[in-house]
Structures are given as C-alpha cells and as structure tokens.
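As recorded in TrEMBL:
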- 65, 67, 80, 98: Mg(2+) binding site (BINDING)
- 82: site 'Transition state stabilizer' (SITE)
C-alpha cells in the first residue's frame with residue numbers, strides 16, 4: 001500500500017478523533033462537576049490471542065451502537081459524533097445500525113441527537129435526531145442525500161464553550177428541552 005493511500009485511510013478513519021477527544025474531555029469535566037454522566041461506548045472486540053495482559057490480536061465482534069450514552073438531569077441521552085469537511089452533511093455518514101439505535105432510543109424517551117462538526121467553518125451543532133430522521137426519510141423518497149450547513153443553523157443548536165468546558169453541548173440540550181416546552 002502506497003504511503004499516500006495509507007495516509008488517506010488513516011485520515012478518513014480518524015477524522016472524528018479530535019472531536020471525540022473534545023467530547024471525552026468535556027464529559028470528564030461534566031462528571032467531575034456532577035453535571036452529567038456520559039460515557040464513550042466501546043466497540044466490542046473479541047480477543048483471539050493475548051500474552052499476559054497484552055492483547056496480541058483480535059477483531060471487532062459486532063458493530064457498536066452509538067458513540068456516547070448516559071444520563072443528564074434524570075434523562076437518558078444517546079448520540080453520535082461526526083466531523084466533516086465541506087458545507088453539507090452526507091447522510092451516508094450515519095450507518096444503518098446507528099440510525100436504528102438512535103431511532104429506538106428516541107422512541108423510548110431518550111434525548112437522541114448528533115453532534116456535527118463542520119471543520120471548514122469551525123462550527124459545531126447539536127442536532128436532534130428527529131431532524132436527521134426527517135432528512136433521511138426525504139432522501140429515501142428521492143430527495144437530497146445530504147443536509148446543508150444552513151439547515152443545521154436553523155434546526156440545530158450551535159455548540160460553544162461554557163460552564164468551564166471546551167464544548168458545552170449540554171447547554172444546547174437544555175435549550176432544546178426548553179424549546180419543546
């Protein structure tokens with residue numbers, strides 16, 4: 001495999017790592033300040049060979065559900081974090097199993113959402129899953145297969161610093177809850 005080919009693969013696979021690092025740090029501070037308990041969900045791995053406590057080889061046993069889940073103000077939350085370049089969000093970035101999980105979580109009363117980072121404009125939005133679901137259903141009927149950045153500004157909640165954390169997405173969750181009444 002050529003070096004540039006390898007770099008492209010690594011780049012694609014890790015494009016959301018900086019965003020997830022920010023969210024992980026924020027979640028640690030939320031827990032420390034007793035604001036919320038939100039955890040990163042690990043992808044289940046089957047270890048096929050180990051030496052002591054060191055894993056030598058293994059494989060992903062199953063697809064993970066979503067990136068994060070937890071509890072905030074007595075309510076379940078479940079969300080996926082996505083980071084992209086460009087000014088529209090391709091719906092193909094959400095795997096079928098992630099869509100189903102968020103749909104079911106929402107159906108059971110959880111606050112299900114996406115945190116979407118547009119790296120080119122340095123904007124991040126908390127977007128309710130119901131908005132993503134609306135665009136997905138339209139795409140299935142032959143509509144656009146992406147969501148423009150402008151629509152995130154209208155239907156999502158812009159995430160910024162606050163409460164002493166780098167990415168205070170829970171402040172935007174509060175705004176969403178307040179908006180619903």
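Think of each number as a place in line: the chain as shown, counted from 1.
Cβ coordinates come from backbone N, Cα and C, glycine included.
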Cβ packing number for residue 80 (Mg(2+) binding site), 10 Å threshold: 24
Remaining residues near the recorded Mg(2+) site, that is with C-beta within 8 Å of the centroid of the site residues 65, 67, 80, 98: 41, 64, 66, 68, 78, 79, 95, 101, 102
Rounded inter-Cα distance in Å - residue 67 (Mg(2+) binding site), residue 82 (site 'Transition state stabilizer'): 9
Helix, strand or coil at residue 80 (Mg(2+) binding site) [DSSP, three-state]: strand
Set of same-chain residues at least 6 away whose C-beta sits under 8 angstroms from residue 65 (Mg(2+) binding site): 41, 78, 97, 98, 101
Residue 67 (Mg(2+) binding site): tally of other CB atoms within 10 A of its CB: 22
Where residue 65 (Mg(2+) binding site) sits in the secondary structure, as DSSP reduces it to three classes: coil
Other C-beta atoms that fall within 10 angstroms of the C-beta of residue 98 (Mg(2+) binding site): 20
